[in-house]
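A quick write-up on the structure given underneath.
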Amino acid sequence: MPLLDSFTVDHTRMEAPAVRVAKTMNTPHGDAITVFDLRFCVPNKEVMPERGIHTLEHLFAGFMRNHLNGNGVEIIDISPMGCRTGFYMSLIGTPDEQRVADAWKAAMEDVLKVQDQNQIPELNVYQCGTYQMHSLQEAQDIARNILERDVRINSNEELALPKEKLQELHI
């Protein structure tokens, strides 16, 4: 099985909250696509609660678009990581990490302004696969934590696992 890009970085040295360019590529028509690792939690030390990350998934996607789309950038998708330590964001364009960090912080401010669970987009049986598994309070706790700690930049060069270590770990 091929080694995915996300597993070539040392998760024991990853900071959080932090932005990292996980991958860049071009479409056959030459459009740049960038995938960002938006790391909310320190891997193997913290984890977002399932109800909170689910609610955040519903809110974060729209709020990030409000703050990041434009000037050559259009978000394709924002999805939670299975390990519940962050989100992957795929977009058209190549914004720098600081622009993404600023949009992320603004989106977290927006999450804190949501006053009622009824304001969560697509929170119904028709548009959500587990519409009863939500917590606005947990999502706001996550947002507050991000804003209190600020958002840093994780560098691929600093986090790269040495080739020898990758060979040792590869099954």
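Including glycine, each Cβ sits where the backbone N, Cα and C put it.
Feature list (source: Swiss-Prot):
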BINDING   His54, His58, Cys128  Fe cation binding site
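What surrounds the Fe cation site, by Cβ distance within 8 Å of the Cβ centroid and not counting His54, His58, Cys128, is the set Thr55, Glu57, Ile120, Glu122, Leu123, Thr130, Tyr131, Met133, His134 from the same chain.
For the recorded site, His58 (Fe cation binding site), the DSSP three-state label reads helix. Sorted by the number of other CB atoms within 10 A, the binding-site residues His54, His58 start with His58, the lowest.
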